[in-house]
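**Student:** Could you have a look at this structure, given as C-alpha cells, before my questions?
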Amino acid sequence: MLEDTSFAIHPGKKQVMDEQAYIDIGRLQSVEQKHDYFLFHCEKGSVTIAFYRDDIVRITMQTSNQTTTYPSRAVVVKPNHVNLTYSETDDKVKLNSKKLTIEAKKSPFRIKIVDCNNNLLVEEGKYGMGLKENGEVICFKEMDENNHFYGFGEKTGFLDKRGERYQMWNSDVYAPHNPETDPLYESIPYFMTLRDGLAHGIFFDNSYRTTFDMKSLQDQYSFKAEGGQLDYYVFAGPTPKDVVEQYSYLTGRMPIPPKWSLGYHQSRYSYETEAEVRELVKMFIEKEIPVDAIYLDIHYMDEYRVFTFDKDRFPNPKKLIDDLIELGIRIVPIVDPGVKKDPEYSIYKEGILANHFCKYIEGNHYFGEVWPGISAFPDFTDEKVRSWWGDKHKFYSDLGIEGIWNDMNEPAVFNETKTMDIDVIHRNDGSPDTHRALHNIYGLMMGQATYDGMKSLLNGKRPFLLTRAGYSGVQRYASVWTGDNRSFWEHLQMSLPMCMNLGLSGIPFTGPDVGGFAHDTNAELLTRWTQVGAFMPYFRNHSAIGTVYQEPWQFGEKYEQIMKKYIQLRYKWMPQLYSLFYIASSQGLPVMRPLMMEFPFDVKTYNLNDQFMIGDNVVIAPIMNPGITDRAVYLPEGDWVDYETNQTYHGSQTHLIHANLDQLPIFIKNGTAITHGKVVSSLKEKQEELILHVYTHDKDSNYIHTFYEDDGETFSYENQEYLYLMFEIINTSKYVEINLIKHTGNYPLPSNKMKLDLHNLQEKSVFVNKKKIENLTEGVFISLVD
Ligand code: GLC
C-alpha cells in the first residue's frame, strides 16, 4: 500500500481542514416546543434538544441531505419527564433543568452548556454544528489548555488524551499496537473532559466511522461522522464518577458476572487436543495453582466450523467438560462469526436456507475469507438471526459450557480493508442500512445474540461472554480483552491506561492477554505481568501459535512460585473484587480506576499511567520494566499503608519504593478497609470465612466499606438472595469503631460473622457495633446479624 511508504508525505498532497469545509447550521429562525423536546429551526437544518434526566441532555441535528436514523443500539433508556424553564432575549434562548442550563446564541446558532453552579461544560464559538456536502456531520467545541480528556474506549497511548485524534472503526489489528495505532477493535464514541477538577462527558451516538479530534486546532476540538446524524448527549458530571454513572445509566451496565469468570484463566492459541487440555489441568492441580477456566481456541473445531468439535482432537468433549467441572474448571470455547461455506455443514445450510447471512442489496451473499476459508456472516442486526444464533449455542450448553469467547467480530476478514464490504446491506430490524453505517455495531449485536441465547439456555445460571469487538453498551453482554498485544514490556505498560480508559468508558470488565499474545514472553516479563494481571478486572494468560508456552510453570521453580503467590492473592482478594464488581453492575463504576477518578482535583493524577486503583482505597504501583526493583510511586492525599510491610507512607508526595521480583507494591488508604477470603483452588469452593482488614490511624476519619455476596452463579440475587453489607469505619486518635450500618438481602453467610484484622492499632480502643471490646487477644469479630 502506497500509504505505508514515503508517498504518505508527498509534497503534492493537500489537506482541506474540517473547519474550512463544513456548512454551518446558520441562524436560529424559530423555536418550537414539543411534548418532551424543543426544536430549534435554523437556516440549514434544525436542532432537537431533549432531556433524559436533569443531568443528561441529548442534542440532535437534522438536515435535509441526511440519511434517516433509527433507534439506537447503545441507549437503553427513554427520556424522563424533566421540568424545564424556557426564556428568550433578543440574542439568546435559555433552557434550564435543575442541573443544566443550555444557552443558545441565535446568530449564528451556537450552544453553550453550564451546570447549576454556572461552571462551563461545553461552548461553541467560532465554529458550531454543521455538515459537509459529502454527508459528513461535525460538531466543534471550544477547548482550552486546562481540558484533559479520557474515555474513548480501547485506545493505545497515555491516559490523558489531550492533543490526540482518534477514529472509531472496529478493526482487527494484529500488529503493531503502538501509541499511534488507531483504530482498534472497539468503538466507544464517548469521552469525559476534566477541567479544574470538574468533569463532564459527551457521547456521540453514531455507528459510522467517527473521528474525535483534539489535535488539529489549538482552541477547538471536534467530533464528526462519515454519515448518519449528529446525535450526541452531554453528561453534567460534576465528578468523574458522576459522568460514568450518567453514561452507564444511558447505555446500560454490566450484569453481575459469574464468580468463576473473575478467577485465573489459562488460554493458548491453541491447546489443540483433549489430551493436552487434560495434561494442562493436571499441572495446575499438581502445582496447586488456582484456575477457573481453560480456553479452547480455533483448533477444537472441525476445520474451524463453529458449533462443531474435531472428532480426532477432541473425541469426547462431554466427558472432558464434565470431568473438568468436577474439578471446578470451566471450558470456554472460541466462537467466531464466519460460517464456513460448505453446503454439507448444517449451520451453513440452515443459515442459507433461512436467509440468515449478510447480502448485497441485489440479493447475492457476501463471502469473505477467515479461518475456515470462504465464509458467510450472520446478519446479527436482525432479531430473527440473533435468536437463531443464540439458540445454536445449545450445542455448547448441552455439553456443560457456560462461557463463550467471541473473536473476529469486527467482523475481521482477510482482505485489504480488513472487513466486510461497506455496501453490504444489513436488515437492521426493519430499518435496512449499509455496512458502512452499521459496521461498528456488528460485534455488539453478535454479543447480544450470544449473551441472550446463552442466558436462555443455562437454566438460571449466569453466562460469561468475552468479546473482542464492540460498541457503546457492550458492557451489558460481555467482558472485553484488548486483542493481539505482544510480549513486550511496553505492552504491559500500555495495558494500564488502556484498561483504565475502558473503565471510564463504562466497560468495567477488561484486561489484556497476560504475558503478551504474539512474540515470545520471558520469565521476568511474565512474572511482572502476572502480578499486574492479578489485580486487573479480567485475568487471562493467552499466547499465540508458534510462541513459547507461557503457563506459570514454564520458566522454572523460582518464577512459578512468584506467579503462584499472585494468582493465589487474586483469590484472597476475591471478596473485595466481587464487591467492586457489584458496584460496577449497580452504578457503572469501574473496578480498576485511574487515580484521577478518586482525586480529580489533584493534577498529579491527571496523566498517571503506571499506577491504578482498585476501588476507592487501594493503589497498585507495579514494576513494568526489566531489571528494575525500585520505582517512584505517587500517593495522593491521605496516609497509605504498604500491604506487605504495613509501613505507612504520607500522601501528596512521591516515594521511591523497592520491590523485588516477588513483590508488587500495593497501598491501602489509612482509615479504610478491605475484605479477604481464603485461597481456594477454584471458585467452585466457597470462601465463607472472611476477614475484614481495617487500616486504623490516629486521624479523624469516616469510611464506608461495602461488601456484597451471593451464590456467584445464578440470577437468584434478583429475588433477594444476596447479602449487601455496609460497614462504617470511624477513626480517631483514641479509638476505632466498626459498625455494621446496613444489611440487606437474604443470602446467608453460614458463620454470620467476620473476623476483624486491625492494622496499626497501637493503644487505641476498639468498638464493634458500638460495644467496646475489652479483650483483643482472642480475636475480634463482627456479627453480621442485626
Ligand atoms: C485472533 C485473536 C486471538 C486468537 C486468534 C486465533 O488473533 O485475537 O486471541 O487466539 O485469533 O483464534
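Placed from the backbone N, Cα and C atoms, the Cβ positions cover glycine too.
Okay, so TrEMBL annotates it like this:
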DOMAIN    47-213  domain 'Glycoside hydrolase family 31 N-terminal'
DOMAIN    255-580  domain 'Glycoside hydrolase family 31 TIM barrel'
DOMAIN    588-674  domain 'Glycosyl hydrolase family 31 C-terminal'
DOMAIN    689-760  domain 'DUF5110'
**Student:** Using a Cβ distance cut-off of under 8 Å, indicate which of 47-213, 588-674, 689-760 has the most pairs with the domain 'Glycoside hydrolase family 31 TIM barrel' (255-580).
**Tutor:** 47-213
**Student:** By DSSP, how many residues in the domain 'DUF5110' (689-760) are helix, how many strand, and how many coil?
**Tutor:** 4 helix, 43 strand, 25 coil
**Student:** Compute the average pLDDT of the predicted model within the domain 'Glycoside hydrolase family 31 TIM barrel' (255-580).
**Tutor:** 98
